[in-house]
């Protein structure tokens, strides 16, 4: 039955976060559940025809084998028992479902619905109140497990170790107990719980952001309600709804199919792992609910055809919902950025623990014996805890989660929707974009510009005049084929509008031909005269569409027409004759074929898509005795899909988007190669690629050049593959200006057809993947997938764009799948990112933001490390190894890490991209890590060294001005400082003096960090090129860090309560100004370093630059 369905233009989306989480485990769970259900059915059958002992024996055997299977997935018996109970319960629930066994009439009666009227509003409201929305519930919130994770993940274990050291130093080791250690222990615990609290808050806000983003991709479907076909949100479906589905859409709920076209197929690969689509049926094909073909499972995809189904289950009651409950506890894989952060955490942990241990060893082996009154065990443990605290950049976890969310929201405002934060991380590494042509690089506004016959070509306007003047037989055949062999249709609500303004349901190619045919004569007349018997829609494998039409007029001279439309190079071998402009039929000989191919190449070289219209006329119906079985009908049609007559050629133009040339040029500057992967003819694809600047070289290589290069590089190593390749003709070579040399600018260009990819060896792919510019033409979905796999296997990070069903395999296989907002649901379901405005230029925004994530995180870490670890470690080292009174107390270390540095680090996440960010090569995640030796060299060997040096200078200046101590007197002081009298000063005076000195050292680091803050804003550009105060790169949040840090300083150094508890002190006024020139020196020295890096890229400074 032919089912006419209005194009939904639905925007696909996952059914919430739960559906995204369970995707990795669906195949195992679905197959296991299906096996369980089949086994239970077998067991029930056994019980009816065997005695109890036999059944018990079989049951034991089945249970043993089931245990063996599950043993491969779990190591712990407790986990197995839990999963087994869930499995048996779910299988038992599904076993009770018999919708697939009911007839169509029984199903309709059971749900009180009809295919014509559907449900009424009252019934819909009752069922929605009973069952709830058609959406998967969120997984259970394991609050205690999350709380444990928040408290003991990341840097928290190090802080717990430091806290334990401090607490046992207070009691029992403290004799007497030092109240400052108690305050310090409480402070570290506060830090831990603050981090945990922020992690909880950030997880909540991130989930809200991602929910709002995925909420912008509502899934819509067509349903019959109150006798009208309506577009509704999938979440509004209830049991008994009559749902219409068609190719390219996602099944919105579990459906019992009641009507199907012969070609209706479902892709269940996400559940079964099997790539072959299954043909839908109305009658059940299996007793197993999960295996029968008359049930469409929620979340699977319709690959082709159309059909009508009754909703039998929604939300958690669907197969997908039941599996979601079984997989909710599965853990997600770590993202690339999480791996990088873990690597950084491990490095910091090892470094801090080793240094802390070394300090304790120094104390135990040397200080305890040589200077027994200098440091007690409790003091040594607190110092070790201080080192651990010093090396932990406590603000980093805050910045990490926040920056990804900020970038995702920024991309959302620019009409780029990411489905998960992993996508943001990976974008910065993309170095190859494989783009579909139609609808992505072009406007997808196709129009017929030429109609051609064997010896005549006319424009649409001339065709209209010729048709109006009395259609001759040639134009009549052309019109019939164009009108009837067409998968598009006008929206009934717009039939009264001018032809160019009508809404068309169907793809762009069919839409263009439909408008052309309608302009000649209303196509509705033809559809009334000829009914559809059978149809094979166009697909990327066949490259053609077939429609079998029967005349409704009794006694018609042409009762049956077999009409075919498709690629000329594919259909020509099926043709034996051709009509001329006068309607005369001629034998299709070589000369005629050459003339057709010449016309095809001429149009294709102008960027036109060329289709051939063919037909075969029957005076009797050879299909009358064919059964309704789709397989039988398909075989019969295939038998007669030959000996066709060429009706004519049609040339269709789809101009490139205006912004595409600039986008491709920008990608090239950013080190990203843009390849075209299309199903179009090679000459058409090459012409469009040249207009899009994807091809810029005058010399374009072909497969022969690849083979020649492979043979020249490895003589005798590569066998002759000519048998599996289709060489270009001489005319093709001339049209493509073939040459095996690269252009003057070093750019190499290549055009390959999909058939030429068959049989290629690794040596050939090595050469192909090294080209700068490539057009892959006449590709099938399998070949698109192969191209992505070959690029990925050679360490390329691939983004694939597409909008059709045939793009989904490649979208899934790519590192980043990018779908267009107006594309099919299948494409958007497979993609990681959706461009809502259908603008290819938005990819630049996405890639730029992807690079910005990594750049800004590096800047945050580089800002945190100098003062937050190095400049805090050096005072501890000088104290324990060289006997200098401790210039910076542990409490000030915590204040720096958790308070004064946090505002600026968060502000750095709001930094705009540097103007040269899209002029750099993409990051290779395997080689370029978040932190490396060059990075530590900048953080510790340059900024950290300067900050520590300047802060100590200021500390020693204060000790000399106010205490009269020279640096020489302070070095090697050890227990002299703690003996009770040092150079005429008693303990109280010394402690008071040291408290002020430590406060000054703290203030100095705070102000020196201002210089570091402005220095780390850019990696290579000057502050004058990336102005923070005005213009497009301004970041006024940085200025807010200055009063904030001063406020924290005043709070802890001028409030008496904090002075008493933490041992801080008031700071003399001059020392607020002394660090300022030193901060300016840090900024100036870094400006000089950047200048050298920019002007002399081969210098040592440039090579070690971060």
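Note: Cβ is positioned from N, Cα and C throughout, glycine not excepted.
Straight from TrEMBL, the features:
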- 98-171: domain 'Cation-transporting P-type ATPase N-terminal' (DOMAIN)
- 147-170: transmembrane segment (TRANSMEM)
- 182-201: transmembrane segment (TRANSMEM)
- 344-366: transmembrane segment (TRANSMEM)
- 386-407: transmembrane segment (TRANSMEM)
- 860-882: transmembrane segment (TRANSMEM)
- 888-910: transmembrane segment (TRANSMEM)
- 931-961: transmembrane segment (TRANSMEM)
- 996-1015: transmembrane segment (TRANSMEM)
- 1036-1057: transmembrane segment (TRANSMEM)
- 1069-1085: transmembrane segment (TRANSMEM)
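The average pLDDT computed over the domain 'Cation-transporting P-type ATPase N-terminal' (98-171) stands at 86. If you look at the transmembrane segment (888-910) against the transmembrane segment (182-201), you find at least three C-beta pairs under 8 angstroms, all six or more positions apart, and that counts as contact. Here the transmembrane segment (386-407) has Cβ contacts under 8 Å with residues 154-155, 158-159, 161-162, 165, 188, 191, 195, 198-199, 202-203, 205-206, 209, 337, 341, 348, 351-353, 355-356, 359, 421, 424-425, 849-850, 852-853, 856-857, 860-861, 864-865, 868-869, 872-873, 876, 890, 893-894, 897-898, 901-902, 905-906, 908-910 of the same chain, all six or more residues outside its ends. Here the transmembrane segment (860-882) has long-range neighbours at 344, 348, 355, 359, 362-363, 367, 375, 380, 383, 386-387, 389-396, 399, 403, 888, 893, 896-897, 901, 904-905, 908-909, 930-931, 935-936, 938-940, 943-945, 947-948, 951-952, 971-972, 1001, 1005-1006, 1008-1009, 1012-1013, 1016, 1106, meaning same-chain residues at least 6 beyond its ends whose C-beta is under 8 angstroms from one of its own. Put simply, of 182-201, 344-366, 931-961, 996-1015, 1036-1057, the stretch with the most CB pairs closer than 8 A to the transmembrane segment (147-170) is 182-201. For the transmembrane segment (931-961), the list of distant contacts is 343-344, 347, 858, 861-862, 865-867, 869-871, 874-875, 878, 887-888, 967, 970, 993, 996-997, 1000-1001, 1004-1005, 1008-1009, 1012, 1015-1016, 1068, 1071, 1074-1075, 1078, 1081-1082, 1085-1086, 1089, 1104-1106: same-chain residues at least six beyond its ends, Cβ to Cβ under 8 Å. Here the domain 'Cation-transporting P-type ATPase N-terminal' (98-171) has, by DSSP, the following mix of helix, strand and coil residues: 44 helix, 1 strand, 29 coil.
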